[in-house]
Amino acid sequence: MEEKKFKSGFVALIGRPNVGKSTLMNYLVGQKVAITSNKPQTTRNRISGIYTSDDMQVVFVDTPGIFKPHSKLDDYMDKASLSSLNDVDLVLFMVEPEEIGKGDQYIADLLKEVKVPVFLVINKVDEIHPNKLLPIMDSYHKLEGFKEILPISATQGIGIEDLLATLNKYLPEGPQYYSADQITDRPEYFVVAELIREQILRLTSQEVPHATAVAVDQMNKHQNGKLVIEATIYVERDGQKGIIIGKGGKMLKQVGINSRKEIEDLLGEKVNLRLWVKVQHNWRSDPSFLKQIGYDKKELS
Ligand SMILES: Nc1nc2c(ncn2[C@@H]2O[C@H](COP(=O)(O)OP(=O)(O)OP(=O)(O)O)[C@@H](O)[C@H]2O)c(=O)[nH]1
Ligand SMILES: [Mg+2]
């Protein structure tokens, strides 16, 4: 019998904010590498999640949701998404389980220029009645340009086996780029900062999540058997600082408790997490601060 050839490749996850790109990537990798929330514009940087099986390795490239930019940070996020299209083998265009709207049409038009296969992935099918799915799939069939149209649920695991089998069909033969135990291309300190930002996204509302950035200042010292992690939470205004600290420090304490648990799960060791909150006026429009915090447009290919 002929031996099955090993397949591998890079697959970009593209779509509007909040459609479930990061949730899908985490499900495929089997661990949280990208943060998720019910608020749009959760993901800000490109981040890879690596899926490895006996016959295939897929490097999923999660990207920020594509939307109309309002600030230099938004510009960076759109560039991070669109430039990923240049160096992947395949694109998953993810949408909500509804007929196409303006935002998706805009992305569909951009994807017409892409040379590699594009699959349309209709996520959150657990949210709709099965009768509603066919007309939605039909409306996307009419658009043409998609090699496959796949309904899935990234939270329920529906359609995932099918998705992986279809990817296997299209991906080229290739090497295993990463060792089987590596699940992301990002360093630990990046994921740690994101896990802290995730709790702020979950615990605060309105403009606070969008005005927040997190930087890990130090994570290489042990004290009393625990890894000491020091991190700074940046906001744009004094009022936002007050909200993140909360009455008597209650909010910051909760952010610390929740994110420490997540960080300990990730690193597999006990952590002493120390958080500071600083105001950095209008940082989202400040090129040198954006660069310092890792949102540097020039670094994107
Ligand atoms: N019901 C349902 N909810 C889902 C599904 N997949 C994701 N969600 C939810 O949708 C919300 C957004 O998920 P994310 O993974 O953060 O979305 P995203 O596309 O990465 O968003 P951005 O990073 O902002 O572009 C979260 O509340 C998820 O729990 C699904 O299959 N079914
Ligand atoms: Mg995301």
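Using N, Cα and C of the backbone, Cβ positions are placed for all residues, glycine too.
Just so you know, TrEMBL annotations never went through curation; they're auto-generated.
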The annotated region 'G3' range in TrEMBL, which must be one of 62-65, 222-225, 238-241, 258-261: 62-65
Candidate ranges 95-98, 123-126, 179-182 [criterion: TrEMBL lists as region 'G4']: 123-126
Listed binding-site residues adjacent to ligand 1, that is, members of T63, I66, V125 whose C-beta is under 6 A away: none
Spatial neighbours of T63 (GTP binding site) that are distant in sequence (at least 6 apart) but have CB under 8 A: A12, L13, I14, K21, T43, R46, A80, S81, S84
Counts of helix, strand and coil residues, the region 'G2' (41-45), according to DSSP: 0 helix, 0 strand, 5 coil
Assigned element (helix, strand, coil) containing K21 (GTP binding site), judged by DSSP: helix
Candidates near ligand 2 among the binding-site residues G15, N18, K21, T63, I66, V125, judged by a Cβ under 6 angstroms: K21
